[in-house]
Amino acid sequence: MTSKAVVFAYHDIGCTGIEALLNAGYEIAAVFTHADDPRENTFYASVARLCAERGIPLHAPEDVNHPLWLERIRQLRPDFLFSFYYRRLLGAELLACAARGAYNLHGSLLPRYRGRAPANWVLVNGETQTGVTLHRMIERADAGPILAQQAVAIDPEDTALSLHGKLRKAAGALLRDSLPLLALGVLPEVEQDESQASHFGRRTPADGLLDWHRPARQLYDLVRAVTQPYPGAFCQVGEQKLIVWSAEVVAGNHGREPGSVLSCDPLRIACGEDSLVLRFGQRGERGLYLAGTQLATELGLVEGARLRGAASGPQRRTRVLILGVNGFIGNHLSERLLRDGRYEVHGMDIGSDAIERLKADPHFHFVEGDIGIHSEWLEYHVKKCDVVLPLVAIATPIEYTRNPLRVFELDFEENLRIVRYCVKYGKRVVFPSTSEVYGMCQDPDFDEDRSNLVVGPINKQRWIYSVSKQLLDRVIWAYGQQGLRFTLFRPFNWMGPRLDRLDSARIGSSRAITQLILHLVEGTPIRLVDGGAQKRCFTDVDDGIEALARIIDNRDGRCDGQIVNIGNPDNEASIRQLGEELLRQFEAHPLRAQFPPFAGFREVESRSFYGDGYQDVAHRKPSIDNARRLLDWQPTIELRETIGKTLDFFLHEALREREAQA
């Protein structure tokens, strides 16, 4: 019986995959591809032309996961879906359309080099072997079980183009051998080893910048990874751009400074280790393809001249503006960025008690102020800095019902002004969305790109925080379509030292664990709202801040235009369970004798605790596939450890308060 397939394909390897399916006797019901981008150098074969010649129905929708296309694909009743170098992720509903599964051909030996442009990345990293992998598709990109692999040797002279040719040939051989077995159902699957996984994002022309302080071998690998038909490696010669198409490594650099011209015939440049001969290149985007010696003449180079590239002088630190720098996330993040050594932090807040320890750092600049008042300072620093984090917000549930208009004014209106400054000055914004935007979503795991955002009726004012954040998420997304660089991150119940203050808990304006600790410290009953059955996934602040720091670092631009949940799905617990573990650790703490006896648990109704207009959520569990894929991040700290650190901090704070009042 003939197997029916729907194919998603682009590039040479898309053509290779289609030919292999036809040769293996598959019926191709339809092919989905991309319209060629006029800005891209399309050196590869055309899937559209192949399908036209073979009489195969062809489509190029903007969104293949759209319900209209999903229904059309379901009506085709495919046995298999295949993806051959298709550039968009296929969603879970689409993958489920295939009766016998969905399969992807990836251009590396998975689990290594997941993600984009693997052929370029393996060359940049100096690998000696890569290959192709046929694997089952799951929701997470390039992570499904492996069915077949074929290795490809990388020769020292290989470029991205020659390696692509090798991969195309290997793909043809792999599919020739595997597709008949897959149709028979006798091709075994092997789960990927996640401990060996690596992920790489898209490359841009800017990634070709030559840093002469690096070893010549690394620069040679960069040149061959991005040479024609790609944009090329480059550096600056005065005001002119020098694009390097071919190079070779020569031992030694005569002890000269990186970037120094050692000779003009051949054109030889000193590197951090050894030197690089520039064999062929061109001057500027429209220049002629020339030999290195003629390039030296055209550019006016002489022995001893210096070429400019990355890190040609002291590297300027990335300037990060943190508004709300004294808050829980702000102060922990500032500490992490300053420790990294690559950042300069500028911050504003209405207080500074949590950041006193940072003020002595010469790369930390703090101004006490209010974002609603100090608009000139705010606009100037958005213009001055590279990355902006507007962390100022009211984020405690009791305030949503007690001061809903203030929540809207601060969380939406004031932050919208900051976002518009980022648009005006072309600055990247990393915006704190919230797990609250998912509201009463019924999905078992909340997915950034697929889960519905569900809130209650208008008379339940607690949702004003959720919808204020959601509306700003949507505004930022819309600005992103016009060129704003952004990342939205959604924290899921981060906990740790300096989360709140006990004074805040005394007036009810704090997070759950601070409220529970206050009851233990003061010897009052722990109040469990509606019995404390609500479940949350608690995340250690150190885990959360590490993920956020990676978003700010934004390696290879992979976080641009993305939404990222930052939470720990393994640390799910009810509020009652949180209280019970807190009590257990409190009773065992060395400072236990300094505090009153435990007064028990008391169940209270949410209305009596939060007031009218409150509505709770039974569970809130994140999918962290985006964080794993984009950040190579996985939370590691168990809830018990986080509770212990948080409890210890607040018990010592309580004793300091007592001493101050004595």
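Cβ coordinates come from backbone N, Cα and C, glycine included.
Swiss-Prot lists 1-307 with the feature region 'Formyltransferase ArnAFT'. In the predicted structure, the region 'Formyltransferase ArnAFT' (1-307) carries a mean pLDDT of 93.
Positions annotated as site 'Transition state stabilizer' by Swiss-Prot: Asn104. Remark: Asn104 (site 'Transition state stabilizer') has Phe82, Ser83, Phe84, Leu134, His135, Arg136, Met137, Asp142, Gly144 as non-local neighbours, by Cβ distance under 8 Å and separation of at least 6 in sequence.
The C-beta environment of His106 (active site, proton donor), restricted to residues of the same chain at least 6 apart in sequence and closer than 8 Å, consists of Arg114, Pro118, Val132, Thr133, His135, Asp142. Marked as active site, proton donor by Swiss-Prot on the basis of sequence analysis: His106 (among others).
Following the DSSP three-state reduction, the secondary structure of Ala141 ((6R)-10-formyltetrahydrofolate binding site) is coil. For Ala141 ((6R)-10-formyltetrahydrofolate binding site), the number of other Cβ atoms no farther than 10 Å from its own Cβ, over all displayed protein chains, is 19. Annotated (6R)-10-formyltetrahydrofolate binding site per Swiss-Prot: Arg116, Ile138, Glu139, Arg140, Ala141, Asp142, in sequence order, evidence recorded as sequence analysis.
Per Swiss-Prot, the feature site 'Raises pKa of active site His' maps to Asp142.
Look at Swiss-Prot and you will find 316-662 tagged as region 'Dehydrogenase ArnADH'.
Under the heading NAD(+) binding site, Swiss-Prot lists Asp349, Asp370, Ile371. For the recorded site, Asp370 (NAD(+) binding site), the DSSP three-state label reads coil. Just so you know, the Cβ of Asp370 (NAD(+) binding site) picks up 13 other Cβ atoms within 10 Å once every protein chain is counted.
Feature annotation from Swiss-Prot assigns UDP-alpha-D-glucuronate binding site to Ala395, Tyr400, 434-435, Arg462, Asn493, 527-536, Tyr614; the stated evidence is sequence analysis. In the three-state DSSP classification, Asp530 (UDP-alpha-D-glucuronate binding site) falls within a helix.
In the three-state DSSP scheme, Arg620 (active site, proton donor) falls into the coil class. A C-beta separation below 8 Å, combined with a sequence spacing of at least six in one chain, links Arg620 (active site, proton donor) to Ser435, Tyr438, Phe446, Phe492, Asn493, Lys535, Arg536, Cys537. The active site, proton donor annotation in Swiss-Prot covers Arg620 (among others).
A 10 Å cutoff on Cβ-Cβ distances gives Ala533 (UDP-alpha-D-glucuronate binding site) a total of 15 other Cβ atoms nearby, all chains included. For Ala395 (UDP-alpha-D-glucuronate binding site), the same-chain residues 6+ apart in sequence whose C-beta sits under 8 angstroms from its C-beta are Thr434, Tyr465.
Fewest Cβ neighbours within 10 Å among the binding-site residues Ile138, Ile371: this applies to Ile138. Annotated pair Asp349 (NAD(+) binding site) and Arg527 (UDP-alpha-D-glucuronate binding site), C-alpha to C-alpha distance, rounded: 32 Å. Cβ atoms within 8 Å of the centroid of the Cβ atoms of Asp349, Asp370, Ile371 (the NAD(+) site) belong to the same-chain residues Leu323, Gly324, Met348, Ile350, Gly369, Gly372, Ile373, His374, Val392, site residues excluded. Of the binding-site residues Glu139, Asp349, Asp530, Asp349 has the largest number of other Cβ atoms within 10 Å of its own Cβ. Across the residues annotated as binding NAD(+) (Asp349, Asp370, Ile371), the widest Cα-Cα separation comes to 8 Å. In space, Ala533 is the closest of the binding-site residues Asp370, Ile371, Arg527, Asp530, Ala533 to Glu139 ((6R)-10-formyltetrahydrofolate binding site), judged by Cα positions. The two recorded residues, Asp530 (UDP-alpha-D-glucuronate binding site) and Ile138 ((6R)-10-formyltetrahydrofolate binding site), show a Cα separation of 38 Å.
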